[in-house]
Amino acid sequence: MKKIAIFAGDGIGPEIVAAARQVLDAVDQAAHLGLRCTEGLVGGAALDASDDPLPAASLQLAMAADAVILGAVGGPRWDAYPPAKRPEQGLLRLRKGLDLYANLRPAQIFPQLLDASPLRPELVRDVDILVVRELTGDIYFGQPRGLEVIDGKRRGFNTMVYDEDEIRRIAHVAFRAAQGRRKQLCSVDKANVLETTRLWREVVTEVARDYPDVRLSHMYVDNAAMQLIRAPAQFDVLLTGNMFGDILSDEASQLTGSIGMLPSASLGEGRAMYEPIHGSAPDIAGQDKANPLATILSVAMMLRHSLNAEPWAQRVEAAVQRVLDQGLRTADIAAPGTPVIGTKAMGAAVVNALNLKD
């Protein structure tokens with residue numbers, strides 16, 4: 001039996017998670033996965049119930065699970081809370097508690113939504129990128145850090161640091177991912193300037209010897225940012241550190257022009273969390289307008305990475321493609337003046353497109 005912890009969160013979170021749960025339940029029943037799903041609170045919903053964005057019971061639930069599904073957290077309702085108690089802190093603490101060190105973000109162009117991209121169709125038509133970002137090190141967590149005043153002048157400082165074990169474990173994740181794709185991996189660094197990323201390049205090159213079937217290349221981060229716009233289809237797997245990955249994964253997500261379609265996975269040793277990359281969209285919460293496809297595709301990633309159910313992951317992804325082929329659209333991905341369907345209807349359409357009666 002596999003245990004799944006489900007945190008719907010805030011805003012549109014409960015709606016999109018409910019739609020994704022429909023798909024997961026249908027797959028579970030058809031594939032006899034034996035899943036046990038348990039719901040918990042995180043973010044603003046947890047604040048409302050317990051005055052804590054991540055109650056101890058929620059963290060325990062997540063740590064006992066084989067995988068976590070998250071909807072979205074945050075919203076203006078909780079803006080007045082002090083920073084340490086904001087809904088987003090619940091998400092950060094959850095990631096830290098689970099020791100999630102690898103973030104996987106696909107950026108795939110759906111041919112049915114080609115016109116949604118801000119770039120010309122010929123540039124993005126074949127884009128299918130996976131950004132693998134290290135989550136626990138780098139300048140975001142390095143010490144020392146702080147603000148100080150010296151001789152009457154304010155000074156801020158941060159420390160960029162990685163050790164070789166941190167680099168090696170994220171590199172293995174990226175190379176394994178590349179083996180299941182087009183077998184190309186581009187490691188992004190700034191090795192011409194930063195000693196930290198010089199070590200990064202050395203260790204990634206060492207790890208590459210374990211994966212002779214994967215073609216490794218290296219690229220400086222400034223060039224990578226340019227190439228993502230100039231010729232994005234050249235990339236398969238992009239591997240990079242925390243700060244560079246933070247920036248490049250957001251850039252890559254915009255290539256698609258449809259943030260409501262993009263899932264993500266955060267992986268640790270034996271634990272993982274799956275969530276859409278979009279926010280809680282409180283302006284449309286409770287109106288059956290949200291696009292659940294990113295969350296449904298996050299379920300597909302969970303089937304692939306945590307449940308050893310690759311054929312079913314592919315089947316969910318194919319069902320999403322089939323729904324788009326049928327012309328079904330939520331408001332965020334619909335062309336002006338075309339019909340739209342709601343969150344519930346889109347979830348039901350994906351379940352139907354699984355063709356489980358075949």
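Backbone N, Cα and C atoms are what each Cβ position is placed from, and that goes for glycine too.
Residues or ranges marked as NAD(+) binding site by Swiss-Prot: 75-88, 279-291. Summarising the annotation, Swiss-Prot assigns substrate binding site to ARG95, ARG105, ARG133, ASP222 and lists experimental evidence as the type of evidence. Residues or ranges marked as site 'Important for catalysis' in Swiss-Prot (evidence: sequence analysis): TYR140, LYS190. Residues annotated as Mg(2+) binding site in Swiss-Prot: ASP222, ASP246, ASP250.
Cα to Cα, LYS190 (site 'Important for catalysis') and ALA285 (NAD(+) binding site) are separated by 41 Å.
Taking Cβ-Cβ distances under 8 Å and a sequence gap of 6 or more within the same chain, the neighbours of ALA285 (NAD(+) binding site) are ASP10, GLY11, ILE12, GLU15, GLY75. Of the binding-site residues ASP246, ASP250, ASP246 has the largest number of other Cβ atoms within 10 Å of its own Cβ. When the binding-site residues ASP79, ARG105, ASP222, ALA281 are compared by Cα distance to ASP250 (Mg(2+) binding site), the shortest distance belongs to ARG105.
In the three-state DSSP scheme, ARG105 (substrate binding site) falls into the strand class.
In this structure, the CA atom of ALA281 (NAD(+) binding site) is 21 Å away from the CA atom of ASP246 (Mg(2+) binding site). Among the binding-site residues listed here, namely ASP79, ARG95, ARG105, ASP222, ASP246, ASP246 has its C-alpha nearest to that of TYR140 (site 'Important for catalysis'). Residues ARG95, ARG105, ARG133, ASP222, recorded as contacting substrate, have a largest CA-CA distance of 28 Å. Sequence-distant contacts of PRO83 (NAD(+) binding site), defined by Cβ-Cβ distance under 8 angstroms and a gap of at least six in the same chain, are GLN89.
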